[in-house]
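Written below as structure tokens is the structure these notes are about.
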Amino acid sequence: MAGRHQNRSFPLPGVQSSGQVHAFGNCSDSDILEEDAEVYELRSRGKEKVRRSTSRDRLDDIIVLTKDIQEGDTLNAIALQYCCTVADIKRVNNLISDQDFFALRSIKIPVKKFSSLTETLCPPKGRQTSRHSSVQYSSEQQEILPANDSLAYSDSAGSFLKEVDRDIEQIVKCTDNKRENLNEVVSALTAQQMRFEPDNKNTQRKDPYYGADWGIGWWTAVVIMLIVGIITPVFYLLYYEILAKVDVSHHSTVDSSHLHSKITPPSQQREMENGIVPTKGIHFSQQDDHKLYSQDSQSPAAQQET
């Protein structure tokens, strides 16, 4: 019984080198090794899971291009040219400082898969699983873009030169330079010069703002301002003064005619109604008026004498 009790006694908890604390010492060494061998992977939760998924997506969308370093190239210039950051270039090329860039002959550039830089190149086969397994294009494939640009430039330059040659041929055909004497050649050249001079003058005199002011010059604008501001008001005032004078003269003639009709005797009025011009009557009426005026002037003098 005593032996059984001794076997059932519980020893103190022991701490292993792995950092696991065992409260009971009845387990054998084989059980301990099995527990140490079992390693459980914890699931990522929250932001860590999102970060890992986004990092994997970014790695899948990135393609690494190799570029030969030339004179005058810098990290900032390459980053601006390929629309990436300097930090990404350093991370791909394992550069610690900017000075390490000058020790390289070629540099790796991370570029998005579906971008304007890679749309003319052949897409890689298969899916990328890690950063180091990204596809690197050879220098021959990278030279496709500059070769196409040079071909397009040479074609445009050749077409331009052909058009210039055609224009020169047409000018030579149009102008007849065959002359017998030097004087005729000089006269022909001077005539052509005189033709081109007025065209050049017209082009120089042309106003760059032509059309904004209906094509009028500054002097025409000044004339219009003088007409509207000075000449028009003067004519307006003169017109109204003439109208006022005409009205006054008309009223004066009407009043004089009324007075004359009151002074004329009834016999003269009858002659005027019958259509006879009363010349004598008018003379006599004037004499009668003079006599009446003289009598009226003499009457107060006679009264004073009496």
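Here the Cβ of each residue, glycine as well, is placed from N, Cα and C on the backbone.
Computed from a predicted structure; not experimentally measured.
Scan Swiss-Prot for phosphoserine across Ser9, Ser55, Ser294 and the hit is Ser55. Screening Asn7, Asn26 against Swiss-Prot annotations picks out Asn7 (annotated as N-linked glycosylation site). Regional average pLDDT for the topological domain 'Extracellular' (1-217) in the model is 65.
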